[in-house]
Amino acid sequence: MSAAGLSREERCRKVVRILWIILILNWAVAAAKFFYGAATGSLSMRNDGIASAFDGLSNIVGILGVKMASQPPDKAHPYGHAKFETYASLAIGVMLAVAAYNLAADGIQALLGHRSAVEVNGGSYVVMVGTLVINLAVSFVEGRFGKRLASEVLTADALHTRSDAFVTISVILGLVAVSLGYPMADSLVAVIVSVAIAISAVEVFREAARTLSDHAVLEVEPLRQAACQVPGVRSVHHIRTRGTEGDVFVDLHLLVDPTMTVARAHQIAQEVEQAVQQGFPEVSDVMVHIEPDNPQERSEGLADDRALGVASKDSSTDDAASLPAEKGDPSCQ
C-alpha cells in the first residue's frame with residue numbers, strides 16, 4: 001500500500017496509529033534502560049534511557065502534528081495544513097538537539113570530575129541487547145512505512161530511532177570496556193551518544209528546511225511529458241513544484257492555439273490537471289496557466305525555464321522563436 005492510494009485523512013490515521021504503537025515501545029525501552037542504568041551507576045545506559053524517553057516525547061509531538069496536518073483546507077489555510085507535519089518533525093529535531101547538549105554536558109562533567117564506580121553484570125547486557133533488538137525492529141518498520149505513506153514525521157523518527165540503535169551498540173561496548181577495567185570508557189561513550197543524537201538532529205533540520213523553503217519535490221521533465229500528451233498542448237514551461245512528498249502542489253504554463261476558444265482552452269487545462277494527477281498520485285493540486293502560442297510567449301517561456309535551470313534539452317530560445325505558431329515548442333514535439 002502506498003500514500004498514493006490513500007486520502008489525506010486515511011494516510012494520517014495510519015501514521016498516527018503507527019506512532020502510538022512506537023510510543024509504547026519507546027517508553028518501555030526507556031524505562032528499562034534508565035532504571036537499570038541508575039541502579040548500576042552506568043551513566044551511558046542511563047543517558048541512553050533518557051534518549052529513548054525523548055523518542056517517546058517526539059512520538060507525541062508527531063501525533064499532534066499529523067492530526068493537525070489531516071485537517072482540510074480552511075479560510076486561514078487555503079492550501080491545507082500539511083506543513084504542520086513538517087513543523088512536528090522540526091520540533092523533533094529541536095528536542096534531539098537539546099537532548100544532545102544535556103547528555104554531552106553530563107558526560108564531559110563525568111570525565112573531568114569524580115563519579116561512583118559502575119557496576120556491570122549480566123543483567124546490563126540483557127537489557128541493552130534486548131532494547132537494541134527492539135530499536136532496530138522499530139527503525140526498520142517505521143522507515144518502511146515512512147516511505148510508503150510519504151510521512152516526514154515517520155521518516156524523521158525512523159532516523160532518530162536508528163541513531164539510538166547505534167548509540168545502544170556504543171553503550172554495550174562501553175560496558176564491556178568498564179568490565180575490562182576501563183571505568184572512564186562509560187563516560188566517554190556518553191559523549192559519543194550525544195554526538196550521534198546531534199547528527200540526527202541536523203539531518204531532521206535539513207529535511208524540514210527543504211519543505212519549509214519550498215524546495216522542488218518532483219522532477220520537471222516527467223511532468224512536462226505528462227502534460228504534453230494532452231491534445232492541443234503545444235508547449236509546457238515554467239513548471240514548479242512544492243510541498244511534501246505525499247502532498248505536492250504543481251504550477252505550470254501551457255501554450256495553446258491563440259485562436260482557440262476560452263471553453264476549449266479551459267477543457268485542455270482540465271485534461272492536463274487530470275493527466276498530471278493520474279501520472280503522479282502524490283500531486284494534490286495543479287495550477288494551469290494558459291498562454292497564446294506565439295514566438296514571443298515561447299521565447300519568454302524558454303527563458304524562464306533556463307533561468308530555473310529546467311529548460312528542455314531539445315529546446316532553444318532561437319529555435320522556438322523561429323517556429324511557426326502551429327508547430328509549437330520542441331518540448332512537446
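Even glycines carry a Cβ here, placed using N, Cα and C.
Noted in TrEMBL for the protein shown:
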| type | residues | note |
| --- | --- | --- |
| COMPBIAS | 293-307 | compositional bias 'Basic and acidic residues' |
| COMPBIAS | 311-322 | compositional bias 'Low complexity' |
| DOMAIN | 19-212 | domain 'Cation efflux protein transmembrane' |
| DOMAIN | 219-292 | domain 'Cation efflux protein cytoplasmic' |
| REGION | 293-333 | region 'Disordered' |
| TRANSMEM | 18-37 | transmembrane segment |
| TRANSMEM | 87-105 | transmembrane segment |
| TRANSMEM | 125-145 | transmembrane segment |
| TRANSMEM | 165-182 | transmembrane segment |
| TRANSMEM | 188-205 | transmembrane segment |
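Taking DSSP states H, G and I as helix and E and B as strand, the domain 'Cation efflux protein cytoplasmic' (219-292) has 27 helix, 30 strand, 17 coil. Here the transmembrane segment (87-105) has Cβ contacts under 8 Å with residues 47, 50-51, 54, 57-58, 61-62, 64-66, 68-69, 152-153, 155-157, 160, 190-191, 193-195, 197-198, 200-202, 204-205, 207-208, 212 of the same chain, all six or more residues outside its ends.
The predicted model assigns the domain 'Cation efflux protein cytoplasmic' (219-292) a mean pLDDT of 92.
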